[in-house]
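Annotation source TrEMBL lists compositional bias 'Acidic residues' at 1-10. According to TrEMBL, the region 'Disordered' annotation covers 1-23. Sequence annotations record features per position, and here TrEMBL assigns domain 'Dickkopf-related protein 1/2/4 C-terminal subdomain 1' to 31-60. Among the features that TrEMBL reports, domain 'Dickkopf-related protein 1/2/4 C-terminal subdomain 2' is placed at 63-111.
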Amino acid sequence: HGAAEPEETGTEALPRRTPAPAWLPTAKGEEGDFCLRSSDCAAGLCCARHFWSKICKPVLREGQVCTRHRRKGAHGLEIFQRCPCAEGLACRGQREQHGPADASRLHTCQR
């Protein structure tokens, strides 16, 4: 018995290069497509949690509500994650003097 001999299992020998799984996207994902990371998504999209899976969602534009986390790691607790603000924008608190008491908790993407 040579150690280099394959065991016989009744199946064909696997090729040396296995093809990519069928679920793995060949092109960049569009909005609503399943993803594993933001690099799986097309330009202007990020990969964010939606319920218990992740999909490509649009990066936030100026004036859109964003999520700013006070504690590191809190982003992982959301079941509906938002993408970050687009390049050149920051997620900042609304400064409304005559607004409701919790208006200070509302954050939007701003220059």
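Note that Cβ sites are derived from N, Cα and C of the backbone, with glycine treated the same way.
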With DSSP, how much of the domain 'Dickkopf-related protein 1/2/4 C-terminal subdomain 1' (31-60) is helix, how much strand and how much coil, in residues?
3 helix, 15 strand, 12 coil
Averaged over the domain 'Dickkopf-related protein 1/2/4 C-terminal subdomain 1' (31-60), what pLDDT does the prediction give?
97
